[in-house]
Structure formats: C-alpha cells, structure tokens
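Since the structure comes first, as structure tokens, the remarks are kept for the end.
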Amino acid sequence: RVWSSNNPALFWFSRHISLWGSISFNLAVFINLAVALFYPFGDDGDEGTLSPLFSALLWIAVAICTSMLFFLSKPVGIRPFLVSVMLRSIYTIGLGPTLILLGAANLCNKIVFLVSFVGNRGTFTRGYRAVILDMAFLYHVAYVLVCMLGLFVHEFFYSFLLFDLVYREETLLNVIKSVTRNGRSIILTAVLALILVYLFSIIGFLFLKDDFTMEVDRLKNRTPVTGNHGVPTMTLPSMMGACLKENCSPTIPASNTADEDSEDGIERTCDTLLMCIVTVLNQGLRNGGGVGDVLRRPSKDEPLFAARVVYDLLFFFIVIIIVLNLIFGVIIDTFADLRSEKQKKEEILKTTCFICGLERDKFDNKTVSFEEHIKSEHNMWHYLYFIVLVKVKDPTEYTGPESYVAQMIVEKNLDWFPRMRAMSLVSNEGDSEQNEIRNLQEKLESTMSLVKQLSGQLAELKEQMTEQRKNKQRLGFLGSNTPHVNHHMSPH
C-alpha cells in the first residue's frame with residue numbers, strides 16, 4: 001500500500017519480479033541457441049535468405065503462435081511465440097541485428113528486474129555496507145554487466161548467462177554445495193594426490209626416464225617463432241622433436257634431438273623433472289589404469305621390468321583407486337546429506353504448522369483438520385501481512401495488540417507467536433478433559449465396587465480359614481485321646 005501510494009511504478013515492477021526473472025532466463029537461452037546454431041555470422045554467404053515456401057511456413061507459424069497467446073496460459077504460449085518471432089526476425093533483418101535486439105531487450109529487462117529486486121529487498125534503505133555484503137544483489141549486478149559485455153564486446157559473453165540456471169534451481173545449488181561444503185577436506189586430499197604425483201615423478205625421472213615416451217601428432221608446415229634478433233626461437237615441442245644442431249639449446253643435445261627426429265611421431269616426455277610431473281599429472285590421472293597406460297611397454301627381459309610393474313601397480317592402487325575415490329566419496333556423501341536434509345525440510349513443512357509448530361497427528365479426530373488449521377487459523381501469509389501492517393502503520397494509531405506486537409518486533413522477540421497451541425485444540429481439549437474426568441469417575445466407581453467385592457470375599461475366606469483351623473485342632477485333640485482308651489480296654 002505504501003509503495004502503491006508513494007511510488008506506483010516501483011510497486012508495479014516489484015510485484016512482477018518473478019515475471020522479469022523468467023523473461024531474462026528465456027531470453028538468455030534463446031540468444032545462446034542463436035549463437036550456437038549460426039555462429040560465425042555471415043560465413044555461409046546466404047544468411048538471411050530463405051526459400052519462399054519456408055518463408056511462408058514461418059509466417060504461418062508466427063500467426064499460430066500469436067493466436068496461442070490468447071487461448072493458452074502465458075508460460076505455455078509465450079515460448080513458442082518468442083521462438084517463432086526470433087526465427088522470423090533472423091531471416092528478415094539478419095542474425096546480427098536480431099541478436100542486438102535480443103541483447104538490448106535482455107539488458108533492459110534485467111535492469112527492470114534489478115529495480116524490482118531493490119524494491120522488494122529494500123537494499124538501499126539498509127546502508128551501503130548492507131549493499132556490499134548482499135551477495136544476491138551483487139549477483140544481479142554482475143548479470144547486468146555480462147549482458148553489457150555480450151551486447152557491446154562479443155556474443156560469447158552471453159554463454160555466462162546460462163549459469164543463472166544454477167541460481168534458480170535448488171538441486172543444482174546442492175550439487176555446487178556438495179563440493180564447497182567440505183571444500184577443506186577435498187583440497188587436502190587433492191594436495192595429498194599432488195604430493196604422491198610429485199614422488200612418482202621423481203622416481204620416474206631417476207629410474208624410468210626412457211619409458212616416458214609418447215606418440216604425438218605434430219602440426220604440419222609449422223615454422224619456428226622468430227625472436228628479436230632474427231634467430232629462430234624454438235618452442236618446447238619443436239625443441240623436443242625438430243631442433244637443428246646449430247640452433248639447439250645447450251641443455252638439449254643435438255644428437256638426442258636428431259635421434260628423436262628420426263623416430264616418426266615418438267617424443268620423450270621426461271627429460272626434465274617438470275616434464276615428468278606434467279606427464280604423470282596429465283596422463284596418469286586421466287587414464288583409468290594410471291600412468292602405466294601411456295608409458296612404453298617394457299620387455300620382460302629388461303632389468304627394470306619388475307620395478308616397472310611395481311611402479312605401475314603402486315600408482316594405480318594408491319593414486320587412482322584410493323586417493324581419487326576418497327575425493328569422489330566426500331563429494332557423493334555430501335550430496336547425499338544435502339538431499340536428505342532437503343527431504344527432511346520438505347517433510348517438516350508438509351506435516352508441521354509453520355506458525356505454532358504442531359504436527360499433523362495432533363489434529364487427528366478433531367473438529368478442525370490440519371489443512372483447515374494452516375489455511376484459516378495459522379495462515380503464515382496472514383501473519384506476514386500483519387507484520388507489514390504494523391511496520392507501515394502510524395504508531396499513534398496502534399491498537400493494544402498492535403502496540404504489543406510492534407514492541408516484540410523491535411526486540412526481535414517471537415513470544416507473540418502461539419507456540420504449540422491452537423484455539424481449536426483449546427476448545428476440544430476442554431471437552432476432552434470433561435470426558436476424561438467423567439470416564440475417570442466411572443472407572444473409580446467400578447474400582448470401588450470391585451474393592452468391596454474383594455473385601456467381602458477376603459472376609460469370607462478368613463472365616464473359612466478360621467473354621468478349618470478349629471476343625472483341625474479338634475481332630476488333633478480327638479486323635480491323641482483314642483490310643484489311651486484302647487490301652488485300658490486291652491485286659492478283657
């Protein structure tokens with residue numbers, strides 16, 4: 001409301017920020033497609049010409065795509081329309097002017113997007129320090145600069161605009177984060193790999209120098225580069241393969257180069273330690289079997305055959321299998337963790353209220369469902385609108401609750417949010433408490449009656465036990481008197 005009353009243009013631009021972003025990305029894709037399909041411009045001689053049949057078909061396609069804008073939704077119909085118009089423009093005014101028009105449109109659209117971004121984020125209202133530290137703002141400024149470079153310097157600069165897909169898609173951002181999150185571990189492991197490559201290069205330079213030969217394809221009719229005094233300045237490949245005796249460097253014997261020149265397409269790659277390091281690093285890491293795949297195949301009769309086998313196997317197991325897989329494992333594990341975190345966040349958003357934090361199961365068998373709760377009772381957009389209202393409203397017109405919330409916002413205190421409670425659950429809890437009390441009373445009464453029954457049974461059991469004890473005593477007394485009577489009656 002404030003922007004619409006004070007600056008309607010800024011409000012309108014800021015309101016359609018997603019539209020400007022989509023247009024910028026689509027224009028970047030179309031420009032790069034045109035560059036990829038038709039560059040270099042004007043080399044074929046018939047650029048901008050088209051047969052009458054295809055020209056008529058292209059005009060029909062433009063008409064159909066234009067009519068589709070009125071019957072289909074904008075995201076579906078606008079892309080075929082832009083493609084048809086771009087192709088018609090290429091074959092009408094030429095590819096160069098079309099790219100200039102598309103580049104100018106992309107630049108203007110991105111400037112509009114930047115204005116919308118500033119309007120939404122309020123970047124310049126937070127001071128210049130916040131502007132410098134705002135990476136999103138700096139990213140969009142760099143995007144504008146790349147658009148200018150593509151428009152005024154060279155068309156190949158437009159290729160950098162395709163990286164906007166990484167910025168727009170969270171999945172690709174996770175791919176980048178999988179490398180940067182554990183960047184220190186990856187860098188340290190890479191340093192270990194470089195140390196091992198250095199050690200293997202030293203061993204190869206000392207003992208296996210003759211095995212570092214490689215088949216090369218030399219450029220035909222290549223002339224040496226002439227220095228300041230007219231003396232041919234030989235490059236490294238020319239010195240290694242085509243060095244003349246009078247122009248050779250003192251460090252490279254002419255006889256050796258002559259011998260190498262006699263070998264067709266074979267070149268030594270370990271005459272210096274630096275060349276050994278470059279060869280082991282370049283060929284060893286890029287080949288699945290290690291550096292042994294590109295070195296000379298030795299004969300079993302050579303004295304260093306066993307050493308060469310050990311050298312190749314150690315490089316394969318230590319560098320290729322262990323070290324490189326350590327780097328890949330760190331990246332893969334990090335990406336899996338990021339994917340799990342993303343899925344967990346999505347699950348929390350689906351099953352937990354953003355405002356109160358209550359889970360979905362709390363609303364089972366209640367009068368208000370979880371969907372109704374997050375839509376009506378605790379709609380997060382309603383809370384956002386209320387915060388905006390409190391910020392833009394005149395403090396002298398605050399009501400009591402608005403004054404309380406405004407003070408909480410200033411203090412960055414979130415106690416005014418209804419954490420772990422909801423009005424619908426409060427009323428339901430009152431009814432449920434009464435039902436629980438009633439059930440408890442009924443259970444208590446039944447328990448008391450059961451206790452009375454058990455008490456009566458226990459009293460009866462006690463009486464029976466007492467009666468049995470008395471009967472046993474009587475029987476015991478009678479049993480003790482019977483032998484005495486029989487003793488007196490025996491003389492008869």
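Here the Cβ of each residue, glycine as well, is placed from N, Cα and C on the backbone.
As recorded in TrEMBL:
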COILED    423-471  coiled coil
DOMAIN    60-342  domain 'Ion transport'
TRANSMEM  20-41  transmembrane segment
TRANSMEM  53-72  transmembrane segment
TRANSMEM  93-117  transmembrane segment
TRANSMEM  137-165  transmembrane segment
TRANSMEM  186-208  transmembrane segment
TRANSMEM  313-336  transmembrane segment
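Most Cβ pairs under 8 Å with the transmembrane segment (93-117) belong to 20-41, among the candidate stretches 20-41, 53-72, 186-208, 313-336. Where the transmembrane segment (137-165) meets the stretches 20-41, 53-72, 186-208, 313-336, the count of C-beta pairs under 8 angstroms peaks at 20-41. For the coiled coil (423-471), the mean pLDDT of the prediction comes to 80.
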